[in-house]
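Enquirer: Feature list, courtesy of Swiss-Prot:
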- R66, T67, R116, H146, Q149, G276, P277: carbamoyl phosphate binding site (BINDING)
- K94, R180, R235: L-aspartate binding site (BINDING)
Amino acid sequence: MTAQQIDASGRLRHLLTLEGLPRETLLQLLDRAGQIRDAAVGRVGNKRQVLAGSAVCTLFFEPSTRTRSSFQLAAQRLGADVLNFDASTSSTRKGETACDTLRNLEAMGVRGFVVRHPDDGAVAALADAAGEGTALINAGDGRSSHPTQGLLDMLTLRQAKGPDFSKLKVVIVGDVKHSRVARTDLHALRTLGVGEIRVCGPQSLLPDDETLKGCVVGDDFDAMLEGVDALMMLRLQRERMEEGLVPSLEQYHAQYGLTNERLARAGKDAAVLHPGPINRGVEVTDEVADGPQSWVLRQVANGVAVRMAVLETLLG
């Protein structure tokens, strides 16, 4: 897939996954996003119109609030016209394929597509169908990938702990098995050379494939917290209870919920991240989510800068 998203000259053509993305490319995107964030580019009265005259479509086949809004703001701040595609009211309900939808929008002059889809590999398939000069960005597909979330998580981690990841200990907590965010963050952390990756959750929610290769894996949250520099808490999807993978929300919180008492076991000033939406009282308590070690809202803010950097790189 990497060859598909990078052209023969080494230029990023699409952003489909962070798996296999060269470290240099990853760092360039993070550096540019950091510049945008630090300069507060994109605020009212300080717009960079590098995409003026370009059209970007958010093509979402799954619900989204943060990701869609963040991409829309990013594109608008770069001067692009933004078309929001709603699958529930589109011709896809009449049987039109996603590829035909893409081609019709291309014919209208849309150059960039931000796509979210419930199926693994769906965005890559659309990239295969796209014409020359069209760029696709994966805004989350199935369980496999969510590259801009991974980028904003890494940007937030750099902001919290500095650019050198080699001595950092990071723990990812929760439903790793069904999480595209966890898979994406694992690829990014490995590429950036993080010192130690720990993964913690109920055995029923941990993958049994190569996903966790090289990680320290365990189901004892209190033990896995010792000395960590950052915690990436994952959303517990309520359907996992219906599938019998989690006995109850109360029991999950008792074993894997982050409280101030538990956070005290982590390293000094450990950063708490969460991709959202947060189930308060399940993954984290109110005190942690709103506390001084929470970087959750800074993740959201960094998301706009990251998506501006990606759009600028692909379409600018």
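Here the Cβ of each residue, glycine as well, is placed from N, Cα and C on the backbone.
As the structure is a computational prediction, the values presented were derived from the model and not from experiment.
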Enquirer: Give the number of CB atoms, excluding that of Q149 (carbamoyl phosphate binding site) itself, located within 10 Å of its CB.
Expert: 26
Enquirer: Please report the distance from the Cα of R180 (L-aspartate binding site) to the Cα of H146 (carbamoyl phosphate binding site), rounded to the nearest angstrom.
Expert: 6
Enquirer: Quick one: which residues besides R66, T67, R116, H146, Q149, G276, P277 have a Cβ within 8 Å of the carbamoyl phosphate site's Cβ centroid, in sequence order?
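Expert: Checked against the 8 Å cutoff, the neighbours are S64, T65, A139, G140, V181, P275.
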Enquirer: Tell me the Cβ neighbour count for R66 (carbamoyl phosphate binding site), meaning other Cβ atoms within 10 Å of its Cβ, over all protein chains shown.
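Expert: Summing over all protein chains shown, R66 (carbamoyl phosphate binding site) has 15 other Cβ atoms within 10 Å.
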Enquirer: Round to a whole number and give the Cα-to-Cα distance in Å for the pair P277 (carbamoyl phosphate binding site) and R235 (L-aspartate binding site).
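Expert: Rounded to the nearest whole number, the Cα-Cα distance is 7 Å.
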Enquirer: Roughly how many angstrom lie between the C-alpha atoms of R66 (carbamoyl phosphate binding site) and R235 (L-aspartate binding site)?
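Expert: Cα to Cα, R66 (carbamoyl phosphate binding site) and R235 (L-aspartate binding site) are separated by 14 Å.
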Enquirer: Non-local Cβ contacts of G276 (carbamoyl phosphate binding site) (under 8 Å, 6 or more apart, same chain)?
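Expert: Within the chain, G276 (carbamoyl phosphate binding site) has Cβ neighbours under 8 Å at R66, R235, V296, Q299, V300.
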Enquirer: Looking at the binding-site residues R116, H146, R180, R235, which one has the fewest other Cβ atoms within 10 Å of its own Cβ?
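Expert: Each of the binding-site residues R116, H146, R180, R235 was scored by Cβ atoms within 10 Å; lowest is R235.
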Enquirer: What's the most sparsely packed of the binding-site residues T67, P277, counting other C-beta atoms within 10 A?
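Expert: Candidates: the binding-site residues T67, P277. Fewest Cβ atoms within 10 Å: P277.
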